[in-house]
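Reviewing the structure listed below.
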Amino acid sequence: MHILLTNDDGVFAPGLATLARHIIEKTDHRLSIIAPEVEQSGKSRAITLFRSMALKHVQIPTLMTPTFSVDGTPADCVRVGLRYLLEDVDLVLSGINYGVNVGGDVPYSGTVSAALEAARLEKPAIALSAQISGRQVFFDTAAEVLLQLLDILPDEFYHSRTVLSVNTPARPHADLVGLKVINCDAHITDEYEWVGTAGDVEYIRICNRYPEQLTVETDLHYVRQGYATLSPLSQIVSSEDEMLLLEEWLQS
């Protein structure tokens, strides 16, 4: 199987290197890496339209696999891979992200959006994100979960446009409680805070604060409990039910 690997933390990010190393050392799959030249978190499905992009062959230390950087977004990287550089990709992986992508994070995540872009281009995809606890993150745990999934996912998955968003807790793989299939909690908890002023300019910044108290049936709750969560994501951009409702409104 030929795997395209990308991310949103940048081509030299440790999460990407960890995942690549696990695939190279523990599987027989062929791997190609196309990732952003610099960090691109929060870029969602943005693509580059009105300028040229630099495509460079780069070398990640300790990895001997074809690797390219693009001075664009994660979605750009997927598009360059599937529409320009590579012809025989079977699966797209995105990650491992430094930090979870749960709940209201998902629509903004460059990591998840790269996987969604792959699905739009008719490839199955998996996005992987690892929880941060203090400054500690267990990329190896996410990589091992990915290897588990490659072993157990049926052939139907690889002939679909399914997207899986996987989040793993900040603990060793041996200490995982299990795998949990769960929907993404859509609740948005972002706030903005004042940073300072300079002359007549006021500066603010986003604060991504996750709630301390969670309902049981949320992805973040299960990650905090030590589960690796698996959330299937939809590529649907319009709703049949809401179209019927809109038609009723217009006819009334």
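One is the number of the first residue shown, and numbering goes on along the chain from there.
Positions of Cβ are set from backbone N, Cα and C atoms, glycine also.
According to TrEMBL, the protein has these features:
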BINDING   ASP8, ASP9, SER41, ASN97  divalent metal cation binding site
DOMAIN    3-183  domain 'Survival protein SurE-like phosphatase/nucleotidase'
Inset, instruction - Please name the residue among the binding-site residues SER41, ASN97 whose C-beta has the most neighbouring C-beta atoms within 10 angstroms. - result: ASN97
Inset, instruction - Measure from the Cβ of ASP9 (divalent metal cation binding site) and count the other Cβ atoms within 10 Å, all protein chains considered. - result: 23
Legend entry - Other C-beta atoms that fall within 10 angstroms of the C-beta of ASP8 (divalent metal cation binding site): 32
Legend entry - Residues close to divalent metal cation site centre defined by ASP8, ASP9, SER41, ASN97, Cβ within 8 Å: ASN7, GLY10, ALA13, GLY15, GLU39, GLN40, PRO74, GLY95, TYR98, GLY99, SER109, GLY110, THR111
